[in-house]
Structures are given as C-alpha cells and as structure tokens.
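Report on the following structure.
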Amino acid sequence: MATANLLDLNGRREMDKAKALESALAQIERQFGKGSIMKLGANSPVMEIEATSTGSLGLDIALGIGGLPKGRIIEIYGPESSGKTTLTLHVVAEEQKKGGVCAFVDAEHALDPQYAKKLGVNLDELLISQPDTGEQALEIVDTLVRSGAVNLIVVDSVAALTPKSEIEGDMGDMQMGSQARLMSQAMRKLTASIGRSNCMVIFINQIRMKIGVMFGNPETTTGGNALKFYASVRLDIRRTGAIKDRDNVIGNTTKVKVVKNKVAPPFREVEFDIMYGEGISKTGELVDLGVKAGVVEKSGSWYSYGDERIGQGRENAKAFLRANPTVAGDIEDRIRASHGLDFSTGEDGKGDDLVDM
C-alpha cells in the first residue's frame, strides 16, 4: 500500500513538472514570439549545415562539409602574401555562382578589381565598402547582416579596423586594447543576427609577434581573443614554396591548416598551388588528390587515368586536364565520391552536405 502511494505521489510530481514546463514555454512564446524556444527534434529533423565551396577541392574535403559553413563567423589568417584575399575571393565567386549576394568591406583599401575578376568574381554584383573607421566598418557589416538579403560578407582585414579614437588622436598616443574592445562588442552584436540570417561573415586577419616568448609559438592574431572564440572555423594559410617555369616564378605552393572547426573534425591540412593571375590551380589539385584517392595512377613520372595516359610529369598532366575538361570533371566526381561528400547542388542552392565520413 505504501509503495502504491509513493508511486502515485511520484506520478503526480512528474505531471506537475510537465505542466510547469508547458506553462513556462507558453509564457516565453507569448513574451518573445513563437519559435523562440522549442525542442530540438520537434516537428522537423535537425537541418543540415549549408556550405559554400572554397574553390579548392582539397580544402572543401578537409573542412568536412564540402566548404565553409553558412550562418557562421570564419577567420582566415596568415603572413603577408600567403593567399588570404585570394582564398576569400574564390569563396565570393563560388557564392555568386549559386546566386548569392556578396559584400566586401575593404578596410585595407587594397582590393584589386581586375584580379578579383580573373578569379571569377562578378564585379557588377559585388557590393564594396571602404570605411574610414573600424566602427563604421562593423556598423556596415551589422546593417547588411540584419537585412537578411546578403549571403556572404568579407572583412579585409581585422588589423585595419582602426578605432575612431585612435584616428582622431595624435600619432604615438597609446590606445590600450581599444581594437580588442571594439571587436569584442562587434562579436556580441553580430553572432545572433548572423545565425538568424544564415549569412557567412569572413574576417581576414594578420599575424603579429608576442614580445618575450621563449617557449611555444610567439605568433598571435590582431584584435584580441573575441574572434577566436566566436569563429566556427579558423584557417591558417601559409606560403610554403615557389612554382617556377625555368627561371620565372609563376606561383606559390600553399598550405592551409584547419586550426578550429565546430562543424567537423579540426586540424586537417591541405596543400594546393596558387598561380599568379589565375588563383587556386584546380587541375593541380585533381592530379594530387586523384593519386591519393587511387583515381589517377602514377607510374614513375607518368600519370594515367583508366587506360589513357594523361601526361609525363605533373605540369604536363595539369595541361592535359585543362585541355580536356570532361576528363577533369570525371576525375573530380570520383574524388568527391571517394571522400563520401555529396557536392551536388540542387535547385534550392543547398548542397555540400556531409553524407558519410
């Protein structure tokens, strides 16, 4: 009898808790609007993270979802002339191919329109702003994000977001932490509206050296620590060597490390070629990734695809793939399939979802 009473009491308590929760949820929805709180799996399954290609097949694979995630903050940093702006312009071009609206906040006042055009950027559709102060730049970003009409915003660069107080002050005045405070406030304001609007914001950043570091890495990025915490993906891009045609340097070999990734496993590395005036070499990636995936066979210095020899030496194989886009497309499809990624884009523009890793 006592056991039955205890079970009955526990049952009533559970019912009371359920009613209290239902009442609290109803009050929250009345106060903040329908959809302000819900059960994660209710009504519809969890949405797949939409991604935009980086223009590099190897980097898309390393990121785990086929590109950079939409509705998130991204940081791309590295030394000077390492390919940071080139990589972001490729992302802009890929987003424009899907019909997305892109904006470029050029705080450095150094964007080369002709180079952007060569990388596939549609200049007629690209929104560009060259703000005078850091506050103005971040207000422009905030306004564009809140509009819900922009799919991708690039800020080049965090180091050039100079606070108004520093610009109005004299040369040599100490402005301790003013840029870090500015970035911290901007991250707090932007992060919620970025998620709601599904707009990707890419911050390009520069590297500085810490003074007096004896052990460990002395490198750090500008703008304080806020961006490091709020960024879903952080990419470290480095130039590792030169590509030469006889005595002429025609490009760089570049390594990118996924330092932070909230949507897939981090710490993956990828190497690709950046050719001057051309950008990321897609054919070079197809040769290298094709060999790794077993799609392209390498015997000595010869490269073969199926029964067909495609070139002696890497540069000749690249030239063959440039001249034969159908073969290049077949190799690309097989590389993608071998990594379990569905890169196909449907009519709604949603693709690049992780299928099976």
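Heads up, the Cβ atoms here are built off N, Cα and C, so glycines get one too.
Look at Swiss-Prot and you will find G78, P79, E80, S81, S82, G83, K84, T85 tagged as ATP binding site, backed by sequence analysis.
Structure with Swiss-Prot features highlighted.
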residue: G78; record: ATP binding site; CB count, 10 Å: 24
residue: P79; record: ATP binding site; CB count, 10 Å: 14
residue: E80; record: ATP binding site; CB count, 10 Å: 8
residue: S81; record: ATP binding site; CB count, 10 Å: 10
residue: S82; record: ATP binding site; CB count, 10 Å: 22
residue: G83; record: ATP binding site; CB count, 10 Å: 22
residue: K84; record: ATP binding site; CB count, 10 Å: 21
residue: T85; record: ATP binding site; CB count, 10 Å: 23
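Compute the center of the Cβ atoms of G78, P79, E80, S81, S82, G83, K84, T85, which mark the site for ATP; besides them, the chain residues with Cβ within 8 Å of that center are I237, R239.
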